[in-house]
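**Q** Checked TrEMBL, it gives:
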COMPBIAS  540-556  compositional bias 'Basic and acidic residues'
DOMAIN    38-503  domain 'Major facilitator superfamily (MFS) profile'
REGION    536-556  region 'Disordered'
TRANSMEM  35-61  transmembrane segment
TRANSMEM  81-101  transmembrane segment
TRANSMEM  108-127  transmembrane segment
TRANSMEM  133-154  transmembrane segment
TRANSMEM  166-185  transmembrane segment
TRANSMEM  205-227  transmembrane segment
TRANSMEM  308-335  transmembrane segment
TRANSMEM  347-371  transmembrane segment
TRANSMEM  378-400  transmembrane segment
TRANSMEM  412-439  transmembrane segment
TRANSMEM  478-499  transmembrane segment
Amino acid sequence: MAGGAVGADSNIAAARRRALAGKSGWAGLVQNRKVFAIAVFASLGGLLYGYNQGVFSSVLVMSSFKDRMASAVNDSGKQGWLVAILELGAWFGVLLTAYFADKLSRKYTIVLAVCVFCVGVIVQTAAKEPSSIYGGRFVTGLGVGSLSMVVPLYNAEIAPPEVRGSLVALQQLAITFGIMVSFWIDYGTNFIGGTTDGQLEAAWRLPLGLQLVPAVILGVGILFMPFSPRWLVNQGRDDEALAVLSSARGLPPDADLVRLEFLEIRAQYLFEKEVSEEKFPDYQDGSWSSDFKLGFYGYLSLIRERNLLYRVAVGSLTMFFQQWTGVNAILYYAPQIFQSLGLTGNTVSLLATGVVGIVMFLATIPAVLWVDQLGRKPVLVSGAFLMGTCHILVAILSGLFEDSWASHVAAGWAACALVWIFSIGFGYSWGPCAWILVAEIWPLSVRGKGLSIAASSNWMNNFIVGQVTPTMMKHLRFGTFIFFGVFSLLGGLFVMFFVPETKGLTLEEMDELFGDSTGLAKADLERQHDIQRRLGLVEAPEKERSSPSVEGEKQQ
C-alpha cells in the first residue's frame, strides 16, 4: 500500500502541470511559437541527413558519375558499399555522440557534428576515384549519425510535453524535405552537359557540394540558440535552466507552469544523482576516469535493470523494423527500382524518384500537426500495414510482368504508384513516430546513452539494407518486395503488442510507464517521493511542514 500511496502522490505534480498546459497540435505550436522556431532551426540537421540520403541515389545513375567511378558502380557488391559506408560511419557517429552530448551539451555537439559533416562533403565533392567517395561518405556519416541523435534529443528536451511529439517530428519533416529537394536538384543537374556521354561532372559534384550551405547555416546559427534546460539542470546550472524555460514558454520565471516544469526536471535529476551517489560513492569526484566508469555503469544499467532493458528493446527493435520496411532501399536505389518496374531511361526514372520525395514530404506534415493527438501506436501500426500491403502488391505485379513490362505499361505505372503510396505510409508513420518514440522514453541520467543505442540500431540496420539491396534486387528480384513486406507487417504487430503508448506523458513520467511500480525498490519510491516533497511538488505530512530542512530545500 505504501508504494501505491507514493505513486499516487507522485502523480499530483503531473496532474497540476497538465491542468496548466496548453493545447496540442497546430494550436499548441502557435502558442509555443518560440520553441517551435528553435526546433525548426535545429531540424536543419534533419535536412542534412535527408538531403544526403536522397542525393546519392540519383548520382549513382548519372552518366558522368558512372564513367568516373565505373569500377565501383558496375559491381553490385561494391555499389552496395558505396552507398552503405555512410551508414557505417553514422553508426560509429551515434555511439560516439552519447559522451559528447552529455559532456559538451546538446548544442555544442551539433556544432562538432556539422564540422565533421563538412569535411566529408568536401572530400566527396572533390573525389577523383572511388576511394575518395568511400572515405568522404564514411566521414560524412559520422556527422550525419551524430545529428540524427542529438537533434531529436535537443528538440525533445526543449519542448513542452503537449507538443513534444510534433516538435520531434519536425526532424523527420526536415529529413523528407531534404530528400525531396535532393531528388529535384539531381533531376535538374542531370541535364548539365546532356544526360548521356557528354554529361559534365558538375552534374554530380554540384548537388554533393550544395550540402555545405545548410550545414554552415546550422553550425553557426545553433550557437545563438539556448542550451537544453534538462542538460543545464544536469550540470547544476539551475538558474540558467529556469531562465531558458521562462523564455521558451514566454512566461515569467515565477509562473506556475514554468516552476512546475522546472521542479519536475530537478526532482528527476536529484533522484538519479542520489541513486548514483548511493550505488557508486567512489566515482563522484568529477575526474575523467570516474566519469568514464559512471558512463560504463550507465550503459551496463541499461542491460541489468529490467525496466531499462525493456526500453532498450523497444528503442532498438523499433529502429530495426523502421529500416526493414525497406524505406532506404527505396530512397537509395529508387531510380534502379523504377527502371526494374518498366520505367525506361534515366530521366523518367529520376522524375518518378522526384515524386517519391514530394509525397513523402507532404505525408509527414500531418504527423507534425496531429501525432500528439492521435498517439504513437495507431499511427505506427496503420503505417506498417499500409507499407506491407504495398510491398506485397508490387511483388505480385513484378512476379507477373517483370519480363513483359513493355506490353503491360499500365501494370508498370500501377507498381510505380504503389511505391508512391508506400512512401506516403512511411512519411506519416514510421518516419517521424519512430524517432519520437525513441527520443522520449529514457530517464534523464541515461537519455543520451539510451538514445545512442536506439539510433545505432537504426544506422546499423540502415547500413545492412543499403549493402544487401543491390544483391537482393539482382538475385531475389520481386522476392525483395515480399521480404520487406513481411518485415513491415511484423513491425506493426510488434508495436501493437509490445510497445506502450507514450502520448501526452512528460519525459519524467516514462519511468512509471516502463516499470511495474510493484516491482521497483521501495527505497527508490520513497526517495522520489521525498525529493518531490522537499521541492514542494507534493505536500509534506503536517509534522514535516515546519521542518527547517524541508523549507531549505524548497528555497533552493
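Placement of Cβ uses the backbone N, Cα and C atoms for every residue, glycine included.
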**Q** The transmembrane segment (412-439) vs the transmembrane segment (308-335): three or more C-beta pairs under 8 Å (separation of 6 or more)?
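**A** Result for the transmembrane segment (412-439) with the transmembrane segment (308-335) is yes.
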**Q** Rank 108-127, 166-185, 205-227, 308-335 by Cβ pairs under 8 Å to the transmembrane segment (133-154) and hand me the top one.
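**A** It is 108-127, which has the most Cβ pairs under 8 Å.
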**Q** Sort out for me which stretch, of 35-61, 81-101, 308-335, 378-400, 478-499, has the most Cβ pairs below 8 angstroms to the transmembrane segment (166-185).
**A** 35-61
**Q** Does the structure show the transmembrane segment (308-335) and the transmembrane segment (378-400) touching, where I'm treating 3 or more Cβ pairs under 8 angstroms (sequence separation 6 or more) as a contact?
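**A** When sequence-distant Cβ pairs are counted, the transmembrane segment (378-400) touches the transmembrane segment (308-335), since at least 3 lie under 8 Å.
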**Q** In the same chain, which residue numbers or ranges, 6 or more beyond the ends of the transmembrane segment (347-371), come under 8 angstroms Cβ to Cβ?
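**A** 25-26, 29, 54, 57-58, 61, 165-166, 169-170, 172-173, 176-177, 179-184, 186-187, 190, 195, 330-331, 334-336, 338-339, 379, 416, 419-420, 423-429, 431-433, 436.
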**Q** In the same chain, which residue numbers or ranges, 6 or more beyond the ends of the transmembrane segment (378-400), come under 8 angstroms Cβ to Cβ?
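**A** Non-local partners: 321, 325-327, 340-341, 367, 371, 411, 414-415, 418-419, 421-422, 424-426, 428-430, 433-434, 437, 477-482, 484-486, 488-489, 491-493, 495-496, 499.
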**Q** Given a Cβ distance threshold of under 8 angstroms, which distant residues of the chain, six or more beyond its ends, lie next to the transmembrane segment (81-101)?
**A** 52, 56-57, 60, 69, 72-73, 108-109, 112-113, 116, 120, 130, 133-134, 137-146, 148-150, 153, 295, 332-333, 448-449, 451-452, 455-456, 458-460, 462-467
